[in-house]
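Trainee: What Swiss-Prot records for this protein is below:
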type: ACT_SITE; residues: 344; note: active site, 5-glutamyl coenzyme A thioester intermediate
type: MOD_RES; residues: 170; note: phosphoserine
type: MOD_RES; residues: 185; note: N6-succinyllysine
type: MOD_RES; residues: 418; note: N6-succinyllysine
type: MOD_RES; residues: 421; note: N6-succinyllysine
type: MOD_RES; residues: 455; note: N6-succinyllysine
type: TRANSIT; residues: 1-39; note: transit peptide
């Protein structure tokens, strides 16, 4: 109240000092602060910045793969020895770097993540019952964090409807004998405009450990390229946010409109002592080679699928491509066609792999591969990325599958008790009815087991979400009510051949044609 009175009196003084023409006299005084004191506290020792994190704390840890991870702060936690942590992070780095170091030292009790990925120790601890893992769709994870920072306690999303995320029962912790000790709980379901949505609760942390590029001495922060990812929403969602940066600059060095995170969200700040900035998957192209090759010599089956998948692209479309065959299909996009490739880690306008001297640890795709961007590209955070995806702004999603059902159910993220990679962003990518979903895969699994079947036997990624299936044997269109229709058939095969290798019935288009291949 005293401050308001002071401001009020200052404004009255300013007003009374005006002459009849509205000009200010020299004696005018407006009591606005010009102090350089800021609430962000600066540290030189990362251990000092995190030493009060208690056992059992919930930590939000930024990064995507190894891109944009707070290396120095993670190293400091190894030194403090804090334990029984709940770590909220898209994934857990690799076995010997990033959060993988805290897993190895058994300091983490529970991970809330979207992707286990290639971290063998992460998967081993989970399947052996040593670690609790709450697997959450990547876009839902980003939005839960964003909501937590915005004071929104919960929200509805179509992502995960009809899957274990909605139904409950997904393993969070295993017993030593492989049985489920803790399972996820069902989500509340509501219907809006004829579509089903599930209720997801916001996530907040006791502390957030964030990696940024630069900060000014006021505590304002900017990120670099695709290293923004989960770092940005996590800044806003913790009781105490600790940010490590590569450089600290003077106040005024940033134009106000260029600041990514205002100082109000930054409580502690430290300049990292050193950075390894390890690259998880160094992918390069050679000089004069504009595009990567489509596959290894002799991979005729994959080549066939890739060259058919490339025909799904249309000029001007926005597309998100999964790793493997979908991404390789982009190598065959015509130079006369523009397709804007979106990557869920926060890039729009992906280009080819870099030359050796262009590789940048801060610029990767969703497969953690080094990439470049094309003119007109943009970078953004993970929550922004999935707003594009969930909102139906991406025209095409192309991804692989373990199983697809007759009516378009998709399974591609888990084999219970055996393989847990996590759903990553796949559940979000297939959640919008405005986005065409194309599955590319080999027609049969090992031992000629069916992959196209009456009903999926593996946990679903999405329910009735697939629009088209492309295999080396043919192309199916999928109708949510009427099922499959064979529209293209590989030369030399018969419809009976397809029936024998397909685990459900299907219709045959009256306009059945030979399987198309893009010309090269």
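In case you wondered, yes, glycine gets a Cβ from its N, Cα and C as well.
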Trainee: Using Cα coordinates, what distance in whole Å links the residue listed as 'phosphoserine' and residue 455 (N6-succinyllysine)?
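Mentor: Just about 19 Å between their Cα atoms.
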Trainee: Using a 10 Å radius around each Cβ and all protein chains in view, which of these modified residues has the most neighbours: 185, 418, 421?
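Mentor: Its Cβ has the most other Cβ atoms within 10 Å: 421.
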Trainee: Give me the CA-CA distance between residue 185 (N6-succinyllysine) and residue 455 (N6-succinyllysine), in Å, as a whole number.
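Mentor: Checking the Cα atoms of residue 185 (N6-succinyllysine) and residue 455 (N6-succinyllysine) gives a distance of 24 Å.
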Trainee: When a 10 Å sphere is centred on the Cβ of residue 455 (N6-succinyllysine), how many other Cβ atoms does it contain?
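Mentor: For residue 455 (N6-succinyllysine), the 10 Å Cβ neighbour count is 11.
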Trainee: Taking DSSP three-state, what's the residue listed as 'phosphoserine' in: helix, strand or coil?
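Mentor: Reduced to three states, the DSSP call for the residue listed as 'phosphoserine' is coil.
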Trainee: Between the residue listed as 'active site, 5-glutamyl coenzyme A thioester intermediate' and residue 421 (N6-succinyllysine), find the distance joining the two CA atoms and give it rounded to the nearest Å.
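Mentor: The residue listed as 'active site, 5-glutamyl coenzyme A thioester intermediate' to residue 421 (N6-succinyllysine), Cα-Cα distance: 17 Å.
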Trainee: Round to the nearest Å and give the CA-to-CA distance linking residue 455 (N6-succinyllysine) with residue 418 (N6-succinyllysine).
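Mentor: Each residue's Cα considered, residue 455 (N6-succinyllysine) and residue 418 (N6-succinyllysine) end up 20 Å apart.
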